[in-house]
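Features as listed in TrEMBL:
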DOMAIN    B:84-288  domain 'ABC transmembrane type-1'
TRANSMEM  B:25-47  transmembrane segment
TRANSMEM  B:88-109  transmembrane segment
TRANSMEM  B:121-143  transmembrane segment
TRANSMEM  B:163-183  transmembrane segment
TRANSMEM  B:220-241  transmembrane segment
TRANSMEM  B:267-288  transmembrane segment
Amino acid sequence: MSATVEERPTPALTEPRKVAPAKDSRKLIRSQVRAGWLFLAPALLHSGIFIVIPVVAAIVLSFTDYSFGDSWSWIGFANYSELFQDVDFRAALANTLLYAVVVVPLSMAISLAVAIGLNQKIKAIGFFRTAFYLPTVTATVAIATIWLWIYNPGSGLANGFLSLFGFAPGRWLSDPSTALPSLMVVGIWQGLGTKIIIYLAALQGVSRDLMESASLDGANRWQRFVNVTWPALGPVQFFVLVTSIVGTFQVFDLVYVMTRGGPGTETHVLVLDIYQNAFQALRLGFASAETVIMMLVIAIFIGLGRLLQKADVND
Amino acid sequence: MTSATVPATSVQSAAKPEGIRIGRILLYVGLSIGAILMITPFLWMVLTAFKNDLEIMKFSWLPSELRWRNFVEAMQTAPFLRYFRNSLFIAVGETAFTLAVCTTAGYALAKLPIRGSKALLSYFILLLLVPFQIILVPLFLIVKSIPLFGGNNILGQGGIGWLNSWWGLIIPLGAAPLFTFLARQFYVSIPTELAQAARVDGLGEFGIFWRIMTPLVKPALITICVFQIEAAWNGFLWPLMITTSDSLRPLQLGLAIFAQNPAEVQWPYLMAGTTLATLPMIVMFVFAQKRFVEGMAHVGIKG
């Protein structure tokens, strides 16, 4: 933090000024504006260089065959048409969509339920808060490693647990039919913490007066939830929805450590495909086209979420 | 946020205490089952870290003895200490950078008379929605062509720029728009009169920001710190992309390399390493959790 921002020489604190005359106050405003822009400059510069330019660049690169070399050329929509023929990409897109469609609603519903539970006056709130947030503070790589071991067919916790009830052991991550669902479980489990905390914060902001008067009017628990709590959660729902959609589309570390996209392409996801095309096949243009598609899909999802929310409000 | 002082729906609890009590029990049972599901994998991790090679061949809960030396041996099989130091360095650097950039920006957006500050706020909120993965490839190129670093000329050509450097690990992912937004939400709720009074007393704009306003937003600073340390500590994809040497690699990459070949994984060592990597974040959260929740409250509520 640089101290150079202090443009105006500051009079010593010991001689407080009397009420500033009008001419002075305009100067005062001007110095505030100047300070404001100076304060903002680093953030604007940083976001411009490291977010805005990359977004624009991704779009531009997607129309080229750039691959780290010196020469490249415009190839129009060739990357895109190739993408839709690409088996790996199609598998990755399908898997990512499926992953998002299952994980987002389930994790939102579970977190809301837990948050409502935690919002009651209960003992040991700190313990519960920490317990549910534990997976979120832990690195995904660490999480993935633990679950890799849990899903271990020979001596893992998952099969150990099943055997208590006399079930046959599963092969979990190496079985094509259970690989993706196994990852979804971990994804949901890990993502609960943040959502619970956001919901909890929002629930504490739901007007007590409204709740009280609703219960005085004879509304039961469920009616109060539907008519008071649910509408009040509107903006937060949207925030959680957007961050969860973005989060599920970003799934990478989990897959990278646990399955590497296998068996076959059963758990091949978009970011893994982008990573492989960009940094192993070194086809940056092609990978950029993938990211543009991903951007569009996320935008569509968020748009759908918005529509759902609007429909919900109009009910 | 101020829930504690309000008696919870006293009207109802007087009316039907029996139903309430059963509901209460169910609530505790449900939450406890949930908490067990959350904690069990971590417990399993710690227990496995103490086992020997034979014990892990078949399923068991408790280790026959506590093999503390697994931790020591795990630290020796990979340069874990160096990974640890690297992660710490990245986390501290990124957090300091984020605090400096985001509190100033958030304060300016909240309290200084800038034309178009509403639009700028929308700009930051919009950026919040850009997933990191989308800008992965171009970001890599930009970092590679930072002028005058890593052998680059003034046009950013010819060298590797910030690749494989602390700069590249720390700066691009610091100062996320989320934190500017978060900081702004806190400064907004502080009365402007405080700043005015200080101004009349002749304090400069930076002094007002630094000495008057910022000390009042401690929960925001804690929330930003927790979030940013956590993100930096747990970062994986970005360091994987831009580092090629062990001397810069953070902890998570070290763990992943450990887990790479499922046939030869030495589970006790891996779990010992994972336990050590996880512990600092858990301890941090336990200490910060109350303030942290207060901090989160501001994100959602005031738009």
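Residue 1 is the first one shown; counting continues down the chain.
Even glycines carry a Cβ here, placed using N, Cα and C.
A contact between the transmembrane segment (B:121-143) and the transmembrane segment (B:25-47) is absent, since fewer than 3 of their C-beta pairs, 6 or more residues apart, lie under 8 Å.
Sequence-distant contacts of the transmembrane segment (B:163-183) (same chain, six or more residues past either end, CB-CB distance under 8 Å): 89-90, 93-95, 97-98, 101-103, 105-107, 109-110, 121, 124-125, 127-128, 132, 139-140, 142-144, 146, 149-150, 217, 220, 223-224, 227-228, 231-232, 235, 238-239, 242-245, 248, 250, 295, 298-299. Beyond the transmembrane segment (B:88-109), the same-chain residues lying 6 or more positions past its ends with a Cβ under 8 Å from any Cβ of the stretch are 117, 120-121, 124, 166, 169-171, 173-176, 179-187, 209, 213-214, 217, 220-221, 224-225, 228-229, 231-233, 235, 239, 250.
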